[in-house]
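Listed in TrEMBL:
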ACT_SITE  Ser199  active site
ACT_SITE  Asp353  active site
ACT_SITE  His383  active site
DOMAIN    121-271  domain 'Alpha/beta hydrolase fold-3'
DOMAIN    320-386  domain 'Alpha/beta hydrolase fold-3'
Amino acid sequence: MGLGIAVLVFLVATLVGLAFLLVVGVIYFELSNSEIPPGVAHPWRLRVLHCVLIGVSVLGKIVENLGVCSQVVFVRCFRDRWLVGKEGEDPKLFIKDLTFDNVPVRVYQPKSPSSGGRRGVVFLHGGGFVFGSINSYDSLCRYLSKESESVVVSVGYRLSPEYRYPIPFEDCLHATVHFLKMAADYGVDPASVILGGDSAGGNLTAAVCQSLVSRTDLPKLCAQVLIYPALQMVDLNLPSFQQNHSVPILYRERVAFYVLNYLHGDMSVMDEVLEGKHVPADMRLKFRKWLSPDNIPEEFRRRGFKPQVFTSHIDEVYEEVQKCFEPSFSPLLAEDSTVRCLPKAYILTCEFDVLRDDGLLYKKRLEDNGVQVTWYHVKDGFHGIVSFFNKGYLHFPAGKIAIDDIISFIKNA
C-alpha cells in the first residue's frame, strides 16, 4: 500500500510539474509574440494581466484534456469569480436577479429617494460573445448604478459556442424591449433609457439600437454608449488592426476567432477572412464609402500603417460567412436611412486597441448622418481597460477615468 501511494504521489507530482512547465512555456511564447508599444498605460501591469489570462486558458485546456470540463467552462468560471464575482448585498442598492422575456437579468436600483423617474441603463457585457456574464460585470454595474443614480439592467444573454448568431443578439433585443415597456415599474422614466455595452456588448448595443429605430410601439432610446465596440467583419486590415495586431489583451487573430465563433464556429476560413478574401469586389466597393482608411483621421494612420491591396475573393468563403454582412452582425454596414434615426451616442476608443478604428468609423458615420456623438479617446488605453477600473494590483487609473467620463455622460443624457 505504501509503495502504491508513493507511485501515485510521484505521478501526480509529475503531472503537476509538466502542467506548470507547459503553462510557463506557453506564457513565454505568448509574451515573446506580444507587443506593448511605448505609451501604453502601466506596461508591466498589462504584461502580468496578459500572463494571468494566458495561464488560465492553458490550465483550462489541461482540465479539458483530463475530462473534467471544457476549456470554455473553466475560463468562464475563473472570470466570474475573479473579474469580479458577485459581492453580496449593497447598502446603497436594491439588487435582484430576474428574467425579462426569458432572458436572465440583474437589476440594480438605487435606494436613495428620487424626485421623479430615474434614468435607466441596459448594459450588455463584453467577452467576445464567448465569455462575460452578469457576475463578472457585477462590480462595474454596481458602480454605474450608484454613481449615476440610475437603474441598471445587466443582461445575461446566451453565449457562443453553445448559442450562435443571431441568438445572443435576439436575447439582448428581447430584454431591452421588455425593459422599455416596463421601465416605469422600476421607477424609470421610459424616455430616459440608455443602452450600452463594451466590446462584443458594444456590437450588440449598436445592433439593438438599429433594430429599434422602426419600432413605433416603444419609447425611443435616449442614448447609446459604445465602449471599444466591434462593429464589422469586412476589413481586419484597418490601421488599428495593423498597428495593434499583437497588443494584449486582444490580438487581431483573436478578433477573427471570436467573430467566426459567434457566426458559425468554422475556423477553417480564418486566414481568408484576415486577408479579406471573403468580400466580393462589388460589396467592397459599396462598403468603401463607410470603411475606407481615408475616413480615419490622419493622426491615427501614422503609426505603421500600409494600405492593403486586396485580391479577388473566394466564392466558397463568401458563401460560408455571408451572414456577417447583415447589419445585426456588422452594425457599421447599416444603411444611412437607419443610421440617421439613431439616438445620440457616446463612443469610447483606446489608442492601443485593434478595434479602435471600428469606433472611429462609426463615429464618422453617425456624425455624417446628423447624430450627436460624444467621443472619449483613451490615449494610453488598451482593449478591455474599463474592466480593470478597480482591480487591486491590476488597477489601471485610465480605466477609472474612462468609466467616470461615461457616468458623466449618462447623468447628462
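For all residues, glycine too, the Cβ spot is worked out from N, Cα and C.
For the pair Ser199 (active site) and His383 (active site), the Cα-Cα distance reads 8 Å.
Calculated from their C-alpha atoms, the gap between Asp353 (active site) and His383 (active site) amounts to 5 Å. Around His383 (active site), the same-chain residues six or more apart in sequence whose CB sits under 8 Å from its CB are Ser199, Tyr228, Val247, Ile249, Leu250, Cys350, Phe352, Asp353, Val354, Leu355, listed in sequence order.
Averaged over the domain 'Alpha/beta hydrolase fold-3' (320-386), the predicted model has a pLDDT of 98.
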